[in-house]
Each structure stands twice: as C-alpha cells, then as structure tokens.
C-alpha cells in the first residue's frame, strides 16, 4: 500500500501557504496580501428603503460582517446610498459598503456622484456591464469613476450571467479543435478569462491592482473549486470566494463549506461570503455566523469562544448536556459584543460540554474549561476541568447554573484587566 504523502513534509497540521495576492483596501479593511481572511455579506432589502437597509446592514455588521454589499439597481437606490452611509455612521458603524451594479451601473454612478463617493467598493459583473459596442465603454466609465473617487472594484464573473460573446467564441474554437474539451471545462475557462481580461482592461484604463478584487462564482462545488484553482494559478489579484446560489438551510451550508473549505485549505481566498437563501422570515445574519464558524473551525481566525459538545448516544439519554451546550453557546453569542472590549483575547476560549464518562473527561481536559455530565446509569456528579486539571465536581439540581458561573469566573480572571471585586476565585473546592 502506498503511503499517503504529506505535502507539507512535516508534522505540523495546517493549510497550504496562502496564495500571494496584492493587498486591496476597502474602506479601512485590508483584503489580500496576507491580511486575515475577511467575512462579508449582502443585504436583501430594497436599498431605496433607507431605514430598512440601515437596520439590516447594522445587524449584519454587529453579527461580524466586516463588509456589506447592497444592491444599487435603480435611481432611487443610488439616491439612498449616501443616507444609508450617514445613518450607519450615526450608529457608530464604519463597515465598508459595497455597491452591487448590473446593467446600468455606469449611468447610476455618473448621475449620482454622492452614491459613488459614499460606497467603498463597486462590484462589476463583466457579463452584463454592457453588450456589443457599449460593453467596453460602459465598463470604462465605471472604472474611471472608481479611479476618480479612489475606490476599489470587484470584477465578479458569474456563470449565470456569463459574457455570452466570449463564451460563444471559446465554444466555437473548442468545436473546431482536434480534441474538443468538455463543455463545462470550456465554460470554466470562459469564467476565468472573463475575470482576467476585464482586470487587464481595468489596468489599461488606470485602475491599479491595489484597487481590484476578482471572483468567478458558480453553483456547482467541483466546478467552483476548479475555477478558483485556475484563477489563482494565473494571477495575483486579491480573490473573493463564494458559491453562488448555494441554496437554503443545511444544503446551502454544506455546499458552501465544502467548496470554500477545500479552497481555503489550498491557500486560496482573501475574503468570503456564504450565500444562503434564508427561510421566510429567517435571520439574515446566519450567513455571517456560518462564514465565521468556517474560518474558525479551520483555524484561520478566531471570532467567538468555541463550545465543543458530544453528539449524544445511548449512554446520554438525558438532555441535560444538550441544553447546557446550547445555553452556553447562546450566552457567548449574546455577550460577545461587550466581551470584545472588556476581555481581550476571550475569542480564543475553548469550552467543552460532554455527556458521559467515555470521552467527557478527556475532551474536557483539552478545553480551557470543561464539564463531563453524567450519562445514563452514571453517578449524578459532573467533574469540571480547568486548564487540563480537575477543578471540582458539581452535584445537585443546579449543575448547569453552577457551571455557567464558573465559565464567567474563568473569563473574568483570565481575560479581564483585573478580577472583579468579590468575584469567585478559580480555586479548587474540596471534594
């Protein structure tokens, strides 16, 4: 049997080195060039609804989105953009705003200069920026406005709106070839060429690489991986990752995580968006949470303390550990906005909530603080471990409440400037 080769040729588990890209500043956020991978999201409000859009951008930003894209599809939306920016500033939010333009972006940016100034980045789709003779002119118009306003641009190809003239040309060339390629391979090549040719044209007009981000989105996982591998191998532009039309619920989460996870592991990607179709009335911020969890799970960034919990089995017929894990997870999410300033570094905390004696003590020892709750037929006692050492054993009807109090004490003492007066010290209790 052949031994699987480790491409890193050492004992360190981790991703491949990051693909070297040119850094782009979007507002005050650095994208590419070795900067931390950026989480972004997009609103689904009518941008002309100023109050509604401010509310959703604020929710996305507070959930952790570091950039937010908004649709600018008509005059009313373009006119609303400066007011949205100003409303966010009044809330103390400086999250960069990205304008998503299709078909008439050149017209809106020219006729609404306040919109062009208020946005931090313009997204151009080379497949619908213009058609025939108008395409190059309208593309140039947007690029020149970006240069004038010192704004970044994302050139985002999408196979749902691919440049048909370019695709037809490549398909005809392929049909005439002695060894024709698969149609999907030709489509992928058209995606990559669309992005790269547009970027080259933007540079000719005067937009530097330090102002450009590229993307090439498809909705099929394997095609997406192939497209981005090709794009990265042929350029050093900053890269935006995303699986378009990923879908709803678990399907969308799994598809996006599978595709982006593979690319990130290969060192590809400078900013990501998880494009989820929300349930009717669902929480738009879920896409931000999933993006953060993907990056944190893979070890690229830390956003919130991690809560490890066992999946449960026949040994854990009690729901106590499940309820406690959920309670701790929800508690952390609610408290993180204030914890970020009060307890620097708290995002690195690891908590374990385990359901029985099999893996409970061992997993708890690997966490900063962990608890092993009793499984079916086990003694009604729950040992707590702090930094790998047994700390105390909780008993009685309020194990969940007692453990949460210990978590709070641990955070205050490890990450606070000084323990709160009267706060319980992390001193092992006599058993």
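Cβ coordinates are placed from backbone N, Cα and C, and glycine is handled just like the others.
What Swiss-Prot says about this one:
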BINDING   310, 313, 356, 363  [4Fe-4S] cluster binding site
List nothing but the one residue from 310, 313, 356 whose Cβ has the fewest other Cβ atoms within 10 Å; the candidates are the binding-site residues.
-> 313
Within 10 Å of the Cβ of residue 363 ([4Fe-4S] cluster binding site), how many other Cβ atoms are there?
-> 18
State the three-class DSSP label for residue 356 ([4Fe-4S] cluster binding site), counting H, G and I as helix, E and B as strand, and everything else as coil.
-> coil
